[in-house]
Each structure stands twice: as C-alpha cells, then as structure tokens.
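Contents: one structure, followed by commentary.
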Amino acid sequence: MKKTFILGIEGTAWNLSAAIVTETEIIAEVTETYKPEKGGIHPREAAQHHAKYAAGVIKKLLAEAKQNGIEPSDLDGIAFSQGPGLGPCLRTVATAARMLGLSLGIPLIGVNHCIAHIEIGIWKTPAKDPVVLYVSGANSQVISYMEGRYRVFGETLDIGLGNALDKFARGAGLPHPGGPKIEAYAKEAKRYIPLPYVIKGMDLSFSGLSTAASEALRKASLEDVCYSYQETAFAMVVEVAERALAHTGKKEVLLAGGVGANTRLREMLNEMCEARGAKFYVPEKRFMGDNGTMIAYTGLLMYKSGNTISLEDSRVNPSFRTDDVKVTWIKEEEMKKVPEISPETFFRMPPGEILDNGAEAVVYLQEGPEGKRALVKERVPKAYRHKEIDERIRRERNRTEARLMSEARRAGVPTPIIYDVEEFKLKMQFIEGVPIKYLITPPLSEKVGELVGKLHSSGIVHGDLTTSNLLLAGERLYLIDFGLAYFDKSLEARGVDVHVLFQTFESTHRNYEALVKAFEKGYASTFIDSEDVLRRVEEIKKRARYA
C-alpha cells in the first residue's frame, strides 16, 4: 500500500515547527523557538520570529527528508495550525503553508491545534477512547470523543493553567517559562499554605488562585508558595478529569499539552486512575509541547478521510473551538457510547455493597428509618490530593450538601431527605430512581428547567448541574449532589450553573439542541430573570479561552 506523506507546520505561539510524517513514522522534524529577552510572549514579535525562520525551517526539513529518500514531489498535502492561537503567528504560518501548497500543487489541510495535541497522544500511546485532560499555556479542557466530534466536558472560565503559572512566576521574579521553575522550587518546600480551590461542575477558574498565591509571597517562602500553588491547581484539574471519567464511564485518561510535562501532575493523574481502575496514558515529553509532528499527523488523518480545504477557506481562526471540528477520521463503532437503560433494568444493590463510585464519594445502602433502605454517601480520601486540601474540601462539601439540599427542598425542589450527618458522611433517603443521563428527552429537560428555575429563585446555585445529578423516580425528578452548591443571586453565578448543564448536554447527549430549547422553556416558567441568565450563558460560551 502506498504511503501517505504529509508536511505539517505548527506556529500558534512560541514554537515554529515543521515535520513530515507517514501513517507509521516521523520522517523529519525541525523546530525554531521564539525566546523573548524578558517577560511573556509578544504576539507581533513572535510572528516576526516565525516569518524570519519559516523558509529556513522548511528548507532544512526538506533536506532532512531528502536524506531519507523523500522528495518534495512525494508530499501529498500541507497541513498547518489554523487555530486556536495568536492571530499574527497563525497568519504567518498559514501564508507559508499556502505558498508551499501552491508551489507543489498539493492541497491544504487546516488543523485544529487542540485536536492535534489529542491525536498525537493517541498515536504515541495505547489509548483508544480516552477522557483527555488538555492543559497548555492558553487552554485547559477536559475533552472526550462522541458522535463525530471531540466534546468539551469542562474548561477554564478565565485563564489557561500554563498562562496562570507563567503569570504567577513573572510576579515572583522567575524567568520564563515559569512552569518548570515552579516545579523545581516546589520540590524544596516545607509546608502547604491554604489557597482557593475553585471548581464549578467540570469547569475551572485559576485567576483567584494566582492572585492568592502572589499575595501569599508576602508572608511565606517562594518554595512553599510554589508547592502550594502546584498542589492546588493540579488537584483541581485531576478532579475534573475524574468527574468526566465518572460521568462517561470511560476507562482511559490521556494527558495532553505542554503543562503535562510536569512530573507531579503525572503522578497525581496516575494515582487517580489507579484508584478508579482506569488506565493512564501520557506520550513522550517531546510530543507534549507544540510541535510540527502533531500537526502533520492530524493533517494526515484528515487528508485520508477527504478533509482538505481550498485556498479561500484557509483563513485562520484564533478562537477555533475543539468542538467546532467534524471528526471524519474516527470509526464510530469503536467508540464507547452512553448505554440506554430503563428504570425497570436499573441496578438494585444489596445493603453494604457500593452502589456508585463517583468522583466525589462512594455510595452504598444501609437500613434506614422504619426498616426502609437508606443511602450513605461517604466522601473518601483522595490519595492524589494533599491531605490538607483533601480534608478541607471533603468536610466543607459534606456540610454544604446537607445544608443546601434541605434549603432546596424547602424551595420546592425535590431532593433526598437527610437522616444523619457525620464529618465526611451523609445518610439520606434512598431514591429508587435512574440518572437522567440514561434517558434524557426534551420533555424531561423541560422539567429540569423548571427545577433549576425554582432553585435559582431561592438564591441557590447548584454548582454541578449535570445529567448524572438528576434522578427520575416514577414521574418525579430529584436533584442530588449539592457538594458544590452555594448561595449567590448574581447573573454570573447562575449563568455558569446553566452553562455547566448545557456543556453536559452537548458533550454527552445526541439531541442537545432540542434539550437546550426545552430547558429554556421550563426555566422561564419558574424563574422571572431567566432571559438575563440565558443571555449571560451565551456570553460565557463566547469568552475567548485563548488568552
């Protein structure tokens, strides 16, 4: 069978890198990295760097390929990073790709940079259908494939983890890149300093953490603050990866992106996966940062599935979303799907046996009042988290859940009745229901909207609205898992709450547009400010993540 040869060019930010690959091997790769004299990246200077070195990088690449017996005439296509990224850098690389494609008379392939990080990881590890934790300078996302697209389950609501680390490092007087310097100082720490831990469903926020860490430098050593920052931020991203595993039922985690080179982050993810019986995969460090090979290989997959673009369609997209791409190269039958299930076939477990092993807690049955079955939710320690972080959030979430679940019920939202509260354990009414992720329909989504409207009217934000946290028992819908709930009447808090649910619809369920429309109808029927909140949801969705 004839080999396919694709030349790929990466240039979204720091690295100008070009490579030639086939289905099975890397023929050659050449990289020139932009290194500013001081501070972070300057988009215009980075673009000037790429323009200065582009011709030389490609010339050297073609020379190395020729040494391996590959001529320019053997190339089948030119792939380039079309976005997301810094506009000036993207335009420079796209221009180089167009000129090369025109001169050789071969097609262009516009590659999504984020998806390229995923595909190089799958190519270079045994991963087949993973939950992907993608953490780079500008991007922090939890992603998994479903029905023709890579779906985003959660992401940063403000700044990418890598940029957050670099921002803190600059403020602390550390040279660029900040991540490796923080990792080195963290190894010399003597104690943990409490810092903000901000998770909203499967979304994250790092800006408050960075600010608090910078302020902590006034009273604590750089080593201790670096250690505390790293332990806190990494625990947050590992937790959202675990939440995605629990929600999807998948059994693999793939780490992608430049921040993934951090040894401590890898250790924490591996510990989490071992505890859940999942497999953890991470490619070699050379494939973690931005590189031409990932663009070339993803371009090859796209080329072989007929996914090329014309010169007119080769404009760059600095805000190119992962879930905007139609993934035409994956065979649907090989991917894991959320199983269909009915209340009649839903599992019924005997007392004492674990009913569910979620990201938050293990759940099992015990005898309750009047001989009825009761459900026990025990927030067990997470080995990947620092002990102080772990005990603090388990204790806080246990208290919060008991209090706000009762408050929600008083507001007319059906929730389980709490029987007993211990430090890390709740005993509550056992609802013989099914998580609606198995059977969600537009009429059911409308009922969800009605419940959330009542919740928001009472001033409560759930904090973890997913279809795993709603149970259908007969004709009645129950809202559960209030560990991340809080009182807040702001548009932003309510908007993020609904945004988390809409992300779940889009990432997990086939008919998500109909589900969103039905939810909006139900939400408007019980919440007077629904239109304002839904407008805020659109704003949140459109916020640039590449910053």
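Just so you know, glycine gets a Cβ as well, placed from its N, Cα and C.
The active site, proton acceptor annotation in Swiss-Prot covers D464, and the record cites sequence analysis as its basis. D464 (active site, proton acceptor) falls outside any helix or strand according to DSSP and counts as coil. Counting every protein chain shown, 25 other Cβ atoms lie within 10 Å of the Cβ of D464 (active site, proton acceptor).
In the three-state DSSP classification, D290 (Fe cation binding site) falls within coil. Taking Cβ-Cβ distances under 8 Å and a sequence separation of 6 or more, the neighbours of D290 (Fe cation binding site) in its chain are E10, T12, A13, W14, N15, S17, H113, S136, G258. What Swiss-Prot lists as Fe cation binding site is H113, H117, Y134, D290.
Residues or ranges marked as L-threonylcarbamoyladenylate binding site in Swiss-Prot (evidence: sequence analysis): Y134, V135, S136, G137, A138, D166, G179, E183, N262. N262 (L-threonylcarbamoyladenylate binding site) falls outside any helix or strand according to DSSP and counts as coil.
Per Swiss-Prot, the feature ATP binding site maps to L355, D356, N357, G358, A359, E360, A361, V362, V363, K377.
Taken from Swiss-Prot, the feature domain 'Protein kinase' applies to 340-547.
For 1-329, the entry in Swiss-Prot reads region 'Kae1'.
Using a 10 Å radius centred on the Cβ of V363 (ATP binding site) and all shown protein chains, the other Cβ atoms total 20. D464 (active site, proton acceptor) and G179 (L-threonylcarbamoyladenylate binding site) are 30 Å apart (CA-CA, integer value). Around H113 (Fe cation binding site), taking its Cβ as the centre, 26 other Cβ atoms fall within 10 Å, counting all chains. Ranked by Cα separation from N357 (ATP binding site), the recorded positions H117, Y134, A138, D464 are led by D464. Rounded to a whole number, the distance between the Cα atoms of A359 (ATP binding site) and A138 (L-threonylcarbamoyladenylate binding site) is 26 Å.
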